[in-house]
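Trainee: So TrEMBL lists these for the protein:
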TRANSMEM  38-57  transmembrane segment
DOMAIN    84-343  domain 'Neutral/alkaline non-lysosomal ceramidase N-terminal'
BINDING   His169, His290, Glu485, Tyr528  Zn(2+) binding site
ACT_SITE  Ser340  active site, nucleophile
DOMAIN    461-553  domain 'Neutral/alkaline non-lysosomal ceramidase N-terminal'
Amino acid sequence: MIYNENSLKYPVSKESILIFRNDLIEQLTRRNSILKIFYFRLILTIPFFLFFTFGFVNCSDSTTYVIKNKKPSVVSNTKGLFAGASKVDITPPPGLPLAGYSMLANTEKGFRTKIYARVIYIRKDQHSPLVLIQTDLLSGSLLLHHKLAERLADKTDISLGGIVLSGTHTHSAPGNFYENNFYNEFAGNKPGFEKEWYEFLEDRIYNAVLEAYQSAKPARIATGKSNVWGLTRNRSIEAFAANRNSGIEEIKTEQIYEAINPEMTMIRVDAKDKDGAFKPLAVYSTYSIHGTTVPSWNKVVNADVFAYPERELELKIKEEFKTDWEPLHAVSNATHGDNSPDYREDMQGFIESKRLGYEISKKSYELFQLLGKKLNSDVTYSYNSKEVDVYENPKMGDAELCSRPVAGTALTGGAEDGMTPVLFWLPFWGEGWPRYIFTGGCQGHKRTAGSFFQYIVLAKKNFPHRMILQSARIGDTALLAVPFEVTNESGRRFSNAVLEAEKLRTTKSKEMITQTSVLSCTNGYFGYTTTPEEYSRQHYEGGHTIYGPATQPFLQAHLADLVKQMPSEGGKESFPDSWEFQLDTKRYMPEKKEAKGNRELKESPRLVLAEENSEKHWIFRYKDVNPSLIQFHQSLISIQYKEDKGEWKTLQQDGRTVNDSGTELDIRLQGNSSQGMSIYEVRWFNPEFHAKRKYRFTIAPRGTEKEFYSPEF
C-alpha cells in the first residue's frame, strides 16, 4: 500500500503507541515553535536574570583541562615534499543538541549525511609540517586544537602552530565542545560542555592525524582559484551598502547576487602510488556559503550543503584514477558571514541543499582538473601562528577591542536564514535598529540584549577571549585562519592588507603570495566580524560582533603582521606554555546500557510519495540495540537488490554505492523498547525504481546482533 506522510498506520503495541506519541510531539513542537520564542524573550528581559541564575546553578558540575605546550618528540629528516591524508567518521549517536541555530535548534535523533573530519599532512625536508584538519562541525575548537597538539607531540613531528582546525559551519552538527562556557551555553538548543562527546571527537581526530602522518608519501601540489556565481546571495545588503567603498547609492534586488565572495580556492595534493605514478590524494577547497540550506527545525545530523561537493569529488577521483587509497575533499568556509545559500523561498531543506551542493561540485571538479597541469614537487610552504588573549592584549595598531564582550539585540532576532519568529520583525530587536544616541561607548551603535541584566548574568570570564590567529602559505596561496564568521567586505580588507604586507615581508619565499583565502570558524568560535561601517547598521552580523566595531581592523592588523613576520619555509609560532580551562558540564550522550533483546521488524517497508518540498522515499521501522551501542560512526545501513531469482547484491545508483556514507539514507531513533533495545526508522530517499528488481534494507551487525534484513519490496 502507498501512504503519504500523514496517513501512517501502526500495529497496536506498546512500541507503536510510543512511536505515535513521539510523532505527535514532533508535530506539535513544529507547529508551536512560538513557545521557543517565548523562552528566548525570557532570556533577554527581566525574567532573563532569574532564568540564567538558575541555569548556571543547574550546570554546577564542571570539568577542568590542564594542557601543556609540548615540543614535538620526532624530528623528520626526509628530503623533498611529502603528504599524507586521512578521513574519519565523527557522526554521533542520537540525543545531542544541534549547534548553529541556538535555541531554535533541535536535539538530533539520527543522521541524513554522516559527518567527517578530513586531515591533510604536508611536510618538506626538515621543516615543521603543516596539518590542515577540516571538520563537518559548526567551527573548530581551541580546546580541541590544543589537546590534539599535546597528544600528537609525543608521537609525531607536528607542532601546535602548524595545526589548522576548521569547521564547515554546518548548522546541523552538535556543539558543546568549546573551551568557553558562553558558546557551550548558546550555540545550540541545550547548554553545557559535553565531555564524552568532546573526547569522542578528540580520539577520532587524533587517530586520523596519526594515520595521515604515518602514511605520508612523496607528493606534488598545485594551487588555484576560480569564481562561482549565482549560488549565494548577500543576506545583509543594507549593511554591506554602508561600506565606504560599496559603490551602492540605491539598493536594487540584483545587488544581493553581486555583493558576495564568488572565489573558490583550491589546493590539490597528489601523491606517489604503488605503481610509481602520482595520483590525487587530497583536495582542500574554500568557498563562501553559510551552512544553512537545512533549516532550524531539522532533527538529523548532516553536513548541510558541503556534503555534496565533498563526496562527489572524492567519488570522481576514485573512479577516474583508481587510487590505492580513499581520496578526500576537505571543504572549508571562507567569508560566508553575510553570504547565504541561494535556496528558493520557503524551500530550506535537503532538496535545495542537494541542488546547490551539486552545482558547487561541478565547479570543484572543473578547478581540480585545471590544477592537474600545475602540479609541482618543488612547492614550498610556511606558516606563522600566535595566540592572543584579548582580555590582556586588546590593542593592535590603531584598533582596540572592547574590554567587555556584549551580545546585541540584533543577534536575538536572527538572520534571514534563521529568523527568530516575532523578534526578527520587532522594533529594536531585529535587524537594522542601531542606536542613534549614546553611541560614544566602546560598543558604539549596538543595543545590548537584556540591557544591564546581561552584565549581571553573563560573566565576562565565560566569553571566549583566547584566539588563535594564523597565516599559512602553500605555494602562492595564503590561508588566513580566524575563529570568526567573516563578512565578505571584511575578508576583502584582510586580503588587501595581507597582499600589501607580503611586499614588506622580512624573509622572502621562493613563491610570492598572490592569492588569499580567509578560513572562517577556525580553531575556535568568536561569533562574527563585520567592518565598522557594517557594524553601524546593526544587522545580525553586527549584533553578533561581540567585541565591538574595532574587531575587523584588529584582526586585519594581526593578519598583516603575521605575514610580515612569516618565515620563508617551515613554521613560526607564539603560544603560552600551558592552559587551564574550567567548563560547566552537561551529559547528552546516551547512558551505557546492555542490550538483551533481539532485532526484529516493527513495520514493513512502504513508499511515501513526494509532497511540496519533500522527497519520495521508502521507509521501514525495526528494533535494534539502544543508542549507546548503535555506533553511527560505523557503517550501518545499505540497500541491496536482486533480479528475478538472482543473488542479492549491494545497489549502485548513478555509479554510487547506496549506503549510509552517501546522501540518500536517513536513520532516526523513534523511542526506547524493552530489554535495552530501541526502535529506529530508516528512510531511502530518491530511490531507484526498476520493474525487474526487488530491494531490501540491510542493517550491519552490532555486538552480538547479526546482519538484519527488511522484507523485500
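Counting begins at 1 with the first residue displayed.
Just so it is clear, glycine is given a Cβ too, placed from its N, Cα and C backbone atoms.
Automatic prediction, not curation, is the source of TrEMBL annotations.
I would like each feature placed in context: is it buried or exposed, what are its neighbours, and how far apart are things?
Mentor: Look at His290 (Zn(2+) binding site): DSSP puts it in coil.
Taking the Cβ of Ser340 (active site, nucleophile) as reference, residues of its chain lying under 8 Å away and at least six apart in sequence are, in sequence order, Thr232, Arg233, Asn234, Arg235, Ile289, His290, Thr292, Ala415, Glu416, Asp417.
Helix, strand and coil counts under DSSP for the domain 'Neutral/alkaline non-lysosomal ceramidase N-terminal' (461-553) come to 29 helix, 24 strand, 40 coil.
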Trainee: Give me the sequence-ordered set of same-chain residues, not including His169, His290, Glu485, Tyr528, with a C-beta within 8 angstroms of the centroid of the Zn(2+) site's C-beta atoms.
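Mentor: Sorted by sequence, the hits are Gly291, Asn333, His336, Gly337, Val486, Ser520, Cys521.
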Trainee: Helix, strand or coil at Ser340 (active site, nucleophile), per DSSP?
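Mentor: Ser340 (active site, nucleophile) sits in a strand per DSSP.
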Trainee: Counting every protein chain present, what is the number of Cβ atoms, excluding its own, within 10 Å of the Cβ of His169 (Zn(2+) binding site)?
Mentor: 26
